[in-house]
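Here is what TrEMBL records for this protein:
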- 93-309: domain 'SET' (DOMAIN)
- ARG251, ASP269, TYR283, TYR308, TYR320: substrate binding site (BINDING)
- ARG251, ASN272, HIS273: S-adenosyl-L-methionine binding site (BINDING)
Amino acid sequence: MAEASRILQTTLISTFTQTPFQKPKTLAYPSLQKLSKRVTTRCLATTTSNEETKKSSSSSGGFENITWGCEMDSPENAEGLQKWLYGSGLPPQKMGIQKVEVGERGLVALTNIRKGEKLLFVPPSLFITADSEWSCPEVGDILKRENVPDWPLLATYLISEASLKDSSRWLNYISALPRQPYSLLYWTPSELDRYLEASQIRERAIERINGVTGTYNDLRRRIFSKYPNLFPETVYNMETFKWSFGILFSRLVRLPSMDGRVALVPWADMLNHSCEVETFLDYDRSSQGVVFTTDRPYQPGEQVFISYGKKSNGDLLLSYGFVPREGANPTDSVELSFSLKKSDKCYKEKLEALKKHGLSTPQCFPLQITGWPVELMAYAYLAVSPPSLNKQFGEMAAAASNKTKRKDLRYPELEEQALQFILDSCESSISKYSKFLQASGSMDLDVTSPKQLSRKLFLKQLAVDLSTSERRILYRAQYILRRRLRDMRSGELKALKLFDGFRNFFKSD
């Protein structure tokens, strides 16, 4: 999809979607029961040598261990995919895969395309879903018998099919998938610490990496280790699972018209994102294929875009490995962390109220260029409330969690303190971003090979772009907060002067 481009996402799934006011959950699936039968049939998987699997991956995210896929700008693999799709039921297209400026590869108009025209028509026979037929049915039977959910099932499916190479019907598709994606799933811990120290996306990236690691370890312990002939560690390992989950995070599509079913849709996933379009992929019952409807015309040679959804720049970097140019994303936001003060006399009572409504301290809230959510204001009211308002703690916590019908929660006597509470966190975060951006110009990348240098420079630029866009939102919030506080204090000063004037008048009288 938008493989390392600098533009933007649809109903394409990014991760297990969370509300903005809850901590993201880790990837997981229900406990697997003990396997009752041992399958003796073997599937011949093409594996790498033990020496290859022992290569150090600390400096490049483990890409050396992936023996399938291609470089992201490979025209040969893209042409092979296109030819195979046409021979497998894809109808004639008005677009072709070409090397493009936005996204490295993309679908480009081959003829005039009108606004409102339906395109693609990818048939279900070309979808990869949880019900797809396995080239090695024994592997699929074991996973399905143990009720492995769709995400880890599809991740294992991709690895199984990729390892079989010529024996898999998906050879041409997998050969056209990127071998070295740039999503945060592939950043090393030191890269996350170094480049994303100011952004909350770092914490979400760590949670995602830990989730994928936990999911793989659970599968390995409960299934793979019991069937080493079917699940050799040279094929089913942490690096291949990072690759397959990376493909799912960046390419899996949720189809609203198929009851929200998720699928990999070859050809459709070559479309890149633009924040200037709103059209998205879906299943069309009349034509029985995945389509999208253009919301603008295209001339021959123009790249055709879809929307990946209303996501922040951080979300786009997290799953897709790119950051839109500053100011280009109207739905961009930055997560800001807020905490209760442990010195607060009512700390325990406030924390209990938050936990009761699924919140915690610290707690993150999204700020946009247009402002902040009402839930944040409710959290701020709770944070600055005096003991005399302890009966309102529950109401404030409920409003902060969006679990109340009352949207106009206001405490005028706390307004100034609440705004100052938000401003303090905002300015503290701005300081962290500014420190990183100032240091980024002289940052020692500490690499020796040209390939590693190219990767480090690319990741550093992504981090600079993200930090710049997120700091821009914080600067705007800072301006609004300071202005409101100034107006409030100016109004209070005028009222005080007026009161003093009246008092002096009556005294003199």
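Every residue, even glycine, has its Cβ placed from backbone N, Cα and C.
If you take every residue in the domain 'SET' (93-309) and average the pLDDT, you get 95.
Between the C-alpha atoms of TYR308 (substrate binding site) and HIS273 (S-adenosyl-L-methionine binding site), the distance comes to 6 Å. ASN272 (S-adenosyl-L-methionine binding site) sits 10 Å from TYR320 (substrate binding site), taking the CA atoms of both as reference points. If you take the Cα of TYR283 (substrate binding site) and the Cα of HIS273 (S-adenosyl-L-methionine binding site), they are about 19 angstrom apart, rounded to a whole number.
Across the residues the record lists as binding substrate (ARG251, ASP269, TYR283, TYR308, TYR320), the two Cα atoms farthest apart are 23 Å from each other. Around the Cβ of TYR320 (substrate binding site), the number of neighbouring Cβ atoms within 10 Å comes to 31.
The two recorded residues, TYR320 (substrate binding site) and HIS273 (S-adenosyl-L-methionine binding site), show a Cα separation of 10 Å.
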